[in-house]
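Over in TrEMBL, the protein carries these features:
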type     : residues : note
ACT_SITE : S148     : active site, charge relay system
ACT_SITE : D225     : active site, charge relay system
ACT_SITE : H257     : active site, charge relay system
Amino acid sequence: MAELVKTNKMFGGLVKRYAHQSTQLGCKMHFSLFTPPAATNGNKVPVVYFLSGLTCTDENFTQKSGAQRKAAELGLALVAPDTSPRGLGIEGEDESWDFGTGAGFYLDATVDKWRQYRMYSYITEELPALLRSLPELDVDNASIMGHSMGGHGALVIGLTKPTYKSISAFAPICNPSVVPWGQKAFEGYLGEGWQEAGKRYDATELVRQYNGPVLPVLMDTGTDDDFLEKQLHPWTFEKAASGKLEVENRMQPQYDHSYYTIATFIDDHLAFHAKHLTSS
Ligand SMILES: N[C@@H](CCC(=O)N[C@@H](CS)C(=O)NCC(=O)O)C(=O)O
């Protein structure tokens, strides 16, 4: 089980930071967990994952979003994982902010040098299995959200694993195969043939092939987000998802790519997920 490294009380609930040795990634990892006041006396609460963006650890969301106030009120647990393996000692892992450390892209790398970059399996298998040892969490009653690279992760994971009841994203990278951040990641982690291999990690490509249940999706992106035109393309996903998912794609005037935007709209996202999760 994970080792509890720090606990802070917040809005009547608890912010806990855990460390554990990851078998998928082969290194020590941290994640943050918020449990609401409802998670006491043997009560199990639903889980909402938040996948962070480039350069983040588990702590950006935990410290900057203010999500805990609403999560406490709604009785939701929040899980914030890290964004890549750490300290593997791979040559070049710390050279750029959009590849390597802090930029795992929520995929399983196939290039030998990066074979320990298995964030897709870490988030979808190892972490839920680990969380099962916490009796206050209803691990099978979960939703997923994320920001930017993490928005991409939330869409891809939500579309490929039937576990999640609803998906939401802030400024997601919606069509990574055709934008610089995604192309750099796919080429680096997936190597030769990444154009084809990358399709299983491209939300727009995935939704084009999708024929599963009509999942609810909420997306918020700021019109003053500097990455909107070059990297995000929420409109492409919305169009591709038409008739397949229930997408609400909101453009927020003057908001940018930062945690100020996330903090502004996080309550809407949590209320949206609470509607789709069952409370015990
Ligand atoms: N490299 C740029 C862009 C990185 C960036 O905007 N990262 C977003 C996710 S894509 C983030 O959440 N940064 C951390 C923070 O704002 O706390 C920077 O560091 O300002």
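From the backbone N, Cα and C atoms, a Cβ is placed for every residue, glycine too.
A map of TrEMBL features onto the structure.
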| residue | record | Cβ within 10 Å |
| --- | --- | --- |
| S148 | active site, charge relay system | 26 |
| D225 | active site, charge relay system | 21 |
| H257 | active site, charge relay system | 21 |
D225 (active site, charge relay system) versus H257 (active site, charge relay system) - Cα distance in angstrom: 5
